[in-house]
Amino acid sequence: MALLEVEEVFVRFGGVTAVAGVSFAVDDRQICGLIGPNGAGKTTLFNVISGIYRPTEGRVRFAGQVVTGQPRHRMAPLGLGRTFQNLALFRSMTVRENVLAGAHSAGHAGFLANALRLPAARREDAAAAGRAAQLLAMLELEAVADVPVADLSFGTQKRVEMARALICGPKLLLLDEPAGGLNHGEVDGLAELLRDIRARFDLAILLVEHHMNLVMRVSDKVVALDFGRKIADGTPEEVRSDPEVIRAYLGDGGSHAHAA
Amino acid sequence: MSAAEQTAAVPLRRPETTVAGWQRAALLLAGLALAILPAFLLESFQLFQLTMAVIMALAVLGLNIVTGYNGQISLGHGAFFAVGAYVTAILMSHLDWSFWATLPVSAVVCGLVGYGVGFPALRLGGLYLALTTFSLAVAVPQILKHKAIEDWTGGVQGLFLVKPDPPSWAPFDPDQWMYLVAVLVSAACFLLAWNLIRGRIGRALMAIRDHPTAAEAMGMDIATLKTRAFATSAMITGIAGSLSAVAVEFVAPDSFTFALSISLFVGMVVGGVASILGSLFGGLFVLFVPNIAETVSKAAPGVIYGIILIGFLFILPDGFAGLLRRLYARARRGAG
């Protein structure tokens, strides 16, 4: 059984069909790239998987359980971590506090237990602080740990989001355009980081990305969308040489080649 | 600033920022001693005023939990203050309860009322919530005057009650004892609020304020957290109301007008939005600055108050807490 199963998902906004019957699966420990030209429905599909949108038809299973229609805050405890396309950090909080906020679903202590600092609350806090320290070290955020996130560069903030998504030990990490806004060197670093994360945290990654080079380099499997339909699904080599993918990216005239 | 520059500017191994347990305990004791001292130094009326300032600080703290930390604007916290005051007054004057016994009841009643208000608050964001809570603040004094409950509330006349008696072993007069009671109850609430805010729940409240979508993706149940934040906030402000009832020895609907809610809001902004310690300063400000204004001009104290307020916000736009933060940062840089 695959970790994530997307089954015949349709999303319609009024008369527009953004996603038209897409199915694919992501296995444990697999890095899957979701690609497609602008407007192909990648982000819509991403939002369906992360629970932001409810599909018009079809469903998503995660670890064997149907998750479509679940309240949004139930996704993280199931083992679904995510980052956002445009940064979505808690701006007034420091780097460390942001990462600790990511550990929310690992804890249970409520208002009373926290106000009284009951042993359970202390234990949870200590455990979260320990994991946060490890992640800050791994993502080279130690030096800025106690700086408000709003003061940091874009690339650094992206690493904070990654740490925040990882602290709960997700089984699947959803990354929405992680390379967006990064320079060449930073993209190289990201490719390495993604493989490193998979190895260390024993998780699968679903990557929605414009940056073809990155997707082809790190993915075990690539799913290509165009006009809301799945046009290819396979290894990076298979997808890269698929005639429909080439047509979608290069156009019939083949005038602007942005597929690397 | 890029990450590389940050790395260069800050030493990689920073000194431990957490204070050792015994240091924290010593600091707490010193603070408590400092807070108790005025009971033996001030005249009766000044001590009463300081008592009221401490009570206002506690009420501001309550407002800060829901508005400062959780971003839900309430212009009606005077209503919870009134409910707390009346619960204590009714139990003491009709049923002869001791003040201490009324505190938990007042906390529970205000918590429930706050929880109830929290529900519509889920659907009403920002300015709409401000208006809804505003109407609550306007309605409560009128409800308290209503004929149907006049037997309990005393109607327009209000209710008289007496300060809690100092224990026989203690060499305090009732005013000193009242001050100490206010300080102890408030200190306990401040400590609990501090614990709450620096832990898992506090981070969740701030996360929801800063970015609700991301907060949900982290597994935070916004509806539950927001309503509970409202309940907690109302509970704290209600306890302040209970204290005020016995400190003044009298409750009446007109003590809890809409102006009280605005006072609390002013106290929160002046003290520092989303600051525990700032709430303390906010309480002192809203109690003493109107008096100062009155001594400057008997004819137009409101104008003087307004000028002081604007001047204060001009000099310290992020409140008293912002000043403290800057001083602290400077001291740390100086030390490092």
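For all residues, glycine too, the Cβ spot is worked out from N, Cα and C.
Automated prediction, rather than curation, is the source of TrEMBL annotations.
The transmembrane segment feature in TrEMBL is assigned to B:21-41 (among others). Cβ atoms under 8 Å from those of the transmembrane segment (B:21-41) belong to residues 47, 50, 172, 176, 179-180, 183, 187 of the same chain, restricted to positions at least 6 beyond its ends.
Beyond the ends of the transmembrane segment (B:47-66), by six or more residues, the same chain brings 38-39, 72, 74, 77, 80-81, 175-176, 178-179, 182-183, 185-186, 189-190, 193, 196-197, 205, 229-230, 232-241, 243-244, 247-248, 263-265, 267-268, 271, 273-276, 278-284, 286-288, 291 to within a C-beta distance below 8 angstroms of the stretch. Annotation source TrEMBL lists transmembrane segment at B:47-66 (among others).
Taken from TrEMBL, the feature transmembrane segment applies to B:73-91 (among others).
For the transmembrane segment (B:97-117), same-chain residues at least 6 beyond its ends with a Cβ under 8 Å from one of its own Cβ atoms are 76, 79-80, 83-84, 87-88, 91, 133, 136, 164, 181, 185, 227-228, 230-235, 237-239, 241-242, 246. If you look up TrEMBL, you'll see B:97-117 (among others) marked as transmembrane segment.
The transmembrane segment annotation in TrEMBL covers B:124-144 (among others).
Annotation comment: TrEMBL describes B:177-197 (among others) as transmembrane segment. Tertiary proximity for the transmembrane segment (B:177-197) is limited to same-chain residues at least six positions away from its ends with a CB under 8 Å from its CB atoms, namely 32, 35-36, 38-39, 47-48, 50-51, 54-55, 57-58, 61, 65, 69, 99, 103, 163-166, 170, 205, 232, 236, 239-240, 243, 246-247, 276, 279-280.
Cβ atoms under 8 Å from those of the transmembrane segment (B:264-290) belong to residues 49, 52-61, 63-64, 67-69, 74-75, 77-78, 81, 190, 193-194, 197, 206, 237, 301, 305, 308-309, 312-313, 316, 318-322, 324 of the same chain, restricted to positions at least 6 beyond its ends. Taken from TrEMBL, the feature transmembrane segment covers B:264-290 (among others).
As annotated by TrEMBL, transmembrane segment applies to B:302-324 (among others).
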Q.
If we skip the immediate neighbours and take only residues 6+ beyond the ends of the transmembrane segment (B:124-144), which ones have a Cβ under 8 Å from one of its Cβ atoms?
A. 72-79, 82-83, 86, 117, 153, 253-254, 256-258, 260-261
Q | Same-chain residue ranges lying at least 6 outside the transmembrane segment (B:302-324) that approach it to Cβ under 8 Å | A | 266, 269-273, 275, 277-278, 281-282, 285, 289-290, 292-293, 296
